[in-house]
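Features reported for this protein in TrEMBL:
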COMPBIAS  43-61  compositional bias 'Basic and acidic residues'
DOMAIN    81-156  domain 'Polypeptide-transport-associated ShlB-type'
DOMAIN    167-209  domain 'ShlB POTRA'
DOMAIN    214-525  domain 'Haemolysin activator HlyB C-terminal'
REGION    43-67  region 'Disordered'
Amino acid sequence: MAPWEQTGAGKGGCFFSCYWHSVVKHWLQGCRTLLRRTNLRREQREAQERQRRDERPDVRFELPAPETLPDAEDLSETFCFPLDVIQLEGDQPDGFDWLYRQLQALEGRCLGQQGLSLLLRDLNSSLLSRGYVTSRLAFPEQDLSSGTLILHFFPGYLDQILLPEGYRGSWRTAFPLRHGDVLNLRALEQGLEQIKRLASQDVQMQIQPSDQPGYSHVEVSVTTSRPWSLSLTVDDSGSDSSGKYQLSAQAGWDNPLGLQDQISVGLNQSAKHDSDQGSRSHNVYYGLPWGYWLIETSYNRFTYHQKVEGAVHEFMSSGEGHDIQLDATRTFLRNSRVKSDWFVGLGVRRRHSYIDDAEIEVQQRRLTQLQLGLRHRHYLAAGSLNLSLTGKQGLRMLNAEPGLKGPDAPGPTYRILQASAGLQQSFAVAETPFWFASNNRVQWSNTPLYSLDWFSVGGRHSVRGYGGINSLGGQRGWLSRNEVGHALLGQYNLFLALDVGGVSGTGTEHYEQRWLAGSALGIRGQQWRIQYDAFIAQGLSAPESFKDEGVTGGFALTWHI
């Protein structure tokens with residue numbers, strides 16, 4: 001029997017009205033709670049993805065820059081040879097258009113013996129700086145009186161890549177080189193990175209001459225530790241409504257198929273998980289390299305529930321969702337100073353919300369998304385600059401929902417543009433080492449967005465000083481997180497932080513202030529197998545309607561077994 005049917009006839013109408021008023025009220029509260037939870041989960045997932053990328057090792061061999069030589073024509077030589085034509089002889093593999101252009105630019109000059117020597121040094125220096133460490137140019141015996149200069153090109157080729165005997169793993173998925181390819185140090189760096197991407201492996205390399213003239217072996221020594229990893233984490237990143245303290249377990253296996261691949265599985269659950277409240281999630285990740293490519297796929301699923309006390313009835317608010325993502329990343333530029341990638345990804349997202357096991361249809365989401373982007377890393381003398389640009393386009397495929405009705409209602413063909421810039425720099429003050437890190441993000445869209453794609457600020461992954469009770473969300477937004485720190489005793493990273501972020505567009509009309517600022521003081525580090533991260537924070541500027549949270553804080557402890 002329904003609750004309103006349990007009353008007398010005179011009170012039934014009133015009870016019915018009160019009941020549904022309470023349902024609507026707590027449904028709206030559930031919407032706000034769901035939005036905060038969704039934003040928090042997205043921020044956590046994005047932070048984990050950034051951490052996974054940042055933890056991938058960089059392999060860079062420093063090569064001498066092209067020599068700064070005097071112009072050969074400026075030399076005071078009493079006799080010179082006019083170079084009407086410059087011919088390149090020998091093997092001429094693909095990929096050396098830059099060399100042909102450089103030679104054509106030299107035609108028409110008049111060079112003597114010293115000038116020709118400088119010219120040859122300059123050309124070989126250009127080969128070396130581009131990573132062609134086993135290739136060279138030389139002058140054959142010739143008569144220059146005809147006005148034609150002949151250069152002989154000796155490309156250096158790869159014979160074999162040799163791995164240690166008994167090593168369980170293939171080099172073919174890691175290195176973008178095969179037998180007979182021109183040997184390039186940057187391509188070898190790529191392969192070494194793909195192997196070192198697995199935390200259980202470290203590599204060293206030597207280039208040795210082969211028995212075949214013009215060819216070289218690459219001897220790779222691999223140091224391996226146990227291929228599996230297991231970590232347990234406790235933190236307070238959850239919400240009060242579904243469990244503030246969270247317990248996580250993450251297990252990984254390196255090289256399971258011998259393809260330099262990696263798989264990891266994670267479980268997460270609120271510490272308090274009973275019939276009244278709780279949250280749970282799990283994720284699976286798999287990554288497979290292929291030369292300059294890295295193919296990654298992931299699956300994330302979550303559930304939550306919380307009991308809500310209404311005016312006349314208790315409600316069970318619950319929800320579930322899952323994300324499936326397939327990404328492909330390709331490195332298209334790398335040298336001793338920069339590395340650039342482009343990437344493409346296809347994702348599917350599903351969301352469902354319930355009150356007393358009855359689904360709230362207006363909160364159901366079925367979205368399919370294509371993303372394209374660029375990432376660029378510039379290596380500095382004592383740090384690095386990381387830039388990225390990502391475009392996201394909603395698609396009407398894979399059972400995507402038709403969208404809500406109305407001219408300003410969000411639909412499945414939304415568009416989002418995101419950009420980020422991160423700077424990490426070490427410096428010294430009075431011979432005391434410090435470090436500075438600045439991470440900045442912006443989101444822009446000119447189409448209506450569902451709330452799960454809104455830009456959100458307020459929390460440990462955005463503007464610290466706000467513990468999740470207060471946050472701002474909107475169609476567009478920006479964020480700047482800045483830290484300056486000192487490695488105390490070389491291992492305890494003490495830091496001060498200043499975060500600022502704001503939102504605009506749809507969803508921000510009722511905010512009297514559309515930006516937040518907060519500060520934090522914290523410590524990070526690792527002692528033995530325990531990794532720790534703790535901070536206290538204070539909000540600096542927020543809308544007057546925000547509840548005063550005072551001093552907030554957070555922690556995460558991870559035990560690497």
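Each Cβ is built from the backbone N, Cα and C atoms, and glycine gets one as well.
Keep in mind the model is a prediction, meaning the values are calculated, not measured.
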Residues of the domain 'ShlB POTRA' (167-209) by DSSP state, where helix covers H, G and I:
12 helix, 10 strand, 21 coil
Checking distant contacts: for the domain 'ShlB POTRA' (167-209), what same-chain residues at least six beyond its ends satisfy Cβ-Cβ under 8 A?
56-61, 63, 93, 95, 130-135, 155-161, 215-229, 252, 254-255, 258-262, 287-292, 294, 331, 334-335
Over the domain 'ShlB POTRA' (167-209), what does the predicted model average in pLDDT?
95
Residues of the domain 'Polypeptide-transport-associated ShlB-type' (81-156) by DSSP state, where helix covers H, G and I:
28 helix, 20 strand, 28 coil
Could you put numbers on the helix, strand and coil content of the compositional bias 'Basic and acidic residues' (43-61), residue by residue per DSSP?
12 helix, 0 strand, 7 coil
